């Protein structure tokens with residue numbers, strides 16, 4: 001299953017003669033089961049070899065098949081580091097250009113590309129993927145699991161990120177990089193003012209990368225909810241897991257509006273569909289809404305995992321549990337929700353009514369409170385603890401100082417009159433860097449130093465590390481503190497140069513010097529990290545005396561994390577049971593059997609954390625890599641306007657993903673043998689529940705967020721579109737509306753038939769003629785598909801003439817794609833029933849597919865209400 | 001509709017209600033201004049403010065009631081599993097947060113014209 005396994009270090013706790021420590025996985029039930037052995041404990045070295053044979057990572061070109069979370073997480077972080085250095089280099093170019101008045105190192109055109117790419121790279125290719133990569137790496141270990149629940153999705157996400165990022169960055173070397181700013185406002189980014197491919201690189205490249213973000217969001221959320229260590233109830237989860245759960249849900253809901261906006265803008269640019277063009281009924285402000293619906297939560301998507309690092313590290317160095325665990329959970333969730341009610345504060349200058357601005361102003365002030373609760377919790381933890389000041393603490397202190405300052409300027413910017421004064425000046429740039437660098441970069445470096453022994457088994461040099469910190473801290477403040485004043489003096493952002501004598505000369509020079517000092521600090525930190533691999537002191541077990549389970553693995557960890565899986569009784573498993581690592585390595589925890597050849601981890605109840613089933617995980621496969629590669633071809637072909645090639649590559653992608661779904665459940669490449677050890681629960685694919693149901697639900701939540709953003713656009717244009725017009729006799733009135741109604745009715749019948757088939761199979765009662773039943777349901781889906789297509793034709797839309805027709809085409813096109821998908825995967829279920837991969841013994845998959853049917857039904861009826869019933873009710877036709 | 005006081009769904013419920021209220025408030029004022037204001041330069045009738053104030057108070061009463069229910073359940077929860085008590089307590093706090101957020105964000109309705 002795993003190919004030629006690489007030699008991994010023996011688990012540290014598993015060396016012969018080390019014996020058992022205190023504590024251990026006491027208790028009853030399957031989670032406490034010892035491995036099958038014939039007398040006494042099994043040989044740890046033998047166990048390691050056996051586990052490595054199943055979980056090991058291949059080398060050479062076959063390394064592209066690796067799906068293991070440890071390897072994927074590291075790849076995310078290393079790639080993120082590469083993009084960070086690239087983005088940092090662009091920042092240095094910007095500071096060089098602005099150091100003195102009248103500099104002409106870069107032309108205005110090149111400067112526009114450089115600042116656009118700096119923002120884009122740092123936000124989309126560094127901050128989010130880096131935080132996701134760290135979470136992908138850490139979470140299963142922290143939760144006492146062997147892997148995330150959808151390892152192939154992690155791998156797909158990584159490859160999409162890498163290829164999308166490379167495509168995006170390549171544009172700069174070709175001199176055709178995006179140049180309309182990182183938020184790509186229309187009409188500047190539209191075809192009229194950016195006729196070249198610059199904006200296309202952004203729209204297509206970023207959307208490609210966002211596949212990665214949403215994949216990781218789904219993956220992380222489901223893993224936290226369904227694959228924790230037995231006993232790890234909601235109130236015993238590490239705080240980091242709460243932060244990542246919140247971040248993941250925010251990604252799932254927050255990224256789709258931008259994906260939609262990007263699709264619409266690309267359709268406008270490539271096909272002339274005028275969503276944002278006010279001369280044809282569109283509205284450029286709609287782009288701003290869609291962008292900032294994503295863009296403001298994005299700030300917290302970046303900040304929350306970093307705050308999670310703080311809440312993880314600080315109690316360790318304070319040597320006491322965090323003060324106010326439940327309050328921190330409340331604060332994190334509050335931040336996650338309220339952050340979706342702030343987006344308009346980026347648009348205070350566009351002419352929105354005062355009352356609406358006041359709502360967003362109030363929400364912007366409100367969001368400071370949960371952040372303050374966390375800050376007070378951290379201070380109280382330090383106050384009541386016995387702090388030790390190791391290197392990561394230095395970075396945490398820097399974070400507290402800088403982030404609190406950034407938060408205060410944030411509250412200033414939440415006040416509409418002040419925002420108007422400094423809008424589009426360097427003050428905003430300085431505030432943003434205080435929040436993002438202070439709120440994300442400093443905790444990230446603290447975390448990297450803290451978890452460095454995990455990556456290398458060694459400790460970093462405190463002396464070099466301190467130099468790095470002070471250079472970054474000093475350089476950062478020199479750069480960005482002064483930049484607040486540059487902004488208050490009126491210097492606008494995004495100008496490539498300025499005249500001498502405006503009072504901006506000195507502060508810009510100081511900022512540039514600060515920028516280069518900061519860069520020297522980053523180089524020092526990098527040198528420290530590189531050198532420690534060679535010269536670092538070997539790390540002892542649990543070097544910081546931490547409380548979380550990731551320190552119970554070997555250093556560096558093996559691909560399987562734990563030979564046997566822990567049971568936890570409290571929030572601080574390693575403080576409660578310091579010897580648990582040795583216990584687990586000796587095979588005295590749960591699921592220590594590997595002779596079945598499957599990758600397995602516990603599936604647990606989302607609330608109580610008690611074991612429900614065994615989740616079997618896929619092994620190494622090239623499918624995610626190939627799918628991402630084919631997607632990259634789609635993107636490049638779209639950029640080259642080779643639409644035939646793009647279509648062909650999209651068909652290849654669909655084929656690869658269907659093959660991926662084929663290798664599940666009882667398939668020989670997955671889990672054909674469903675036997676488990678006596679007393680253990682069944683495999684998830686043999687139950688009516690499992691992570692796939694949750695994965696489908698969250699995927700549909702993301703999908704629903706995209707669809708709702710589309711409906712928002714429709715209603716927005718009807719309500720406040722400045723030049724909105726309904727074409728004469730057009731729209732969905734008449735025959736087109738009746739056809740859409742027929743489609744919704746036909747789909748509803750098929751949807752309930754699907755539900756009945758799935759439920760009967762889960763109850764062990766059928767359906768009779770299973771394959772034929774699923775085929776019949778698929779036929780119903782095909783009928784609905786045909787009716788929607790007929791409605792589209794009957795509507796007589798002229799999609800390039802008005803935004804009205806363009807939006808209708810997208811709404812119907814969305815349904816066509818989804819109905820096609822449901823039809824094909826249901827046909828696949830019919831085939832799988834025939835092959836015996838799905839049936840009374842393995843009834844799980846139809847339940848997953850049924851969710852897609854329910855979703856599609858909701859979409860069809862909603863579309864009918866929005867397109868057919870709403871316009872006459874509003875008085876439009 | 002309302003989950004039991006100890007159900008983990010209580011945790012996201014309050015702020016989900018806040019989200020729905022917020023969308024209704026922002027979207028609703030836009031629609032009301034479009035329908036009821038005489039023109040783009042008009043402040044709009046005060047009835048819009050009054051209507052949305054009443055709506056806000058009614059909406060805030062829902063998580064307020066839930067907060068009370070969760071809090072009372074948490075106080076009487078001796079012997080229940082720890083995660084259930086946790087869900088009730090955190091749920092109560094988050095319902096209360098939703099109430100505060102609704103009332104605070106709704107405050108401008110008291111003083112600002114709806115459509116200018």
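From the backbone N, Cα and C atoms, a Cβ is placed for every residue, glycine too.
Of the candidate ranges A:39-65, A:201-227, A:552-578, TrEMBL annotates residues A:201-227 with the feature transmembrane segment. Remote same-chain partners of the transmembrane segment (A:114-139), defined as residues 6 or more beyond its termini with a Cβ less than 8 Å from a stretch Cβ, comprise 69-70, 72-77, 79-81, 83-84, 86-87, 90-91, 93-94, 106, 145, 148, 154, 157, 161, 165, 168-169, 171-172, 177-182, 202, 206, 209-210, 212-213, 216-217, 219-220, 223-224, 240-241, 244, 247-248, 251, 298, 301-302, 305-306, 309, 436, 440, 444, 447, 451, 494, 550. Beyond its flanks by at least six residues, the transmembrane segment (A:393-416) meets 306, 310, 313-314, 317, 345, 348, 354, 357-358, 361, 364-365, 368, 371-372, 375, 378, 387, 422, 427-428, 430-431, 433-439, 442-443, 445-446, 449, 465-466, 469, 472-473, 476-477, 484 of its own chain at Cβ-Cβ distances under 8 Å. Within the model, the domain 'Heme-copper oxidase subunit III family profile' (A:611-872) carries an average pLDDT of 94. Only pairs six or more apart in sequence are counted, and the transmembrane segment (A:299-318) with the transmembrane segment (A:428-452) gives three or more Cβ pairs under 8 Å, enough to call it a contact. Here the transmembrane segment (A:159-181) has long-range neighbours at 75-76, 79, 83, 86, 109-110, 112-117, 119-121, 124-125, 129, 188-189, 193-194, 196-199, 201-202, 204-209, 211-213, 215, 494, 624-625, 627-629, 631-632, 635-636, 639, meaning same-chain residues at least 6 beyond its ends whose C-beta is under 8 angstroms from one of its own. Residues 88, 91-92, 95-96, 98-100, 445, 448, 452, 460-461, 464-465, 467-480, 482-483, 486 of the same chain, all 6+ positions outside the transmembrane segment (A:509-531), place their C-beta atoms under 8 angstroms from a C-beta of that stretch.
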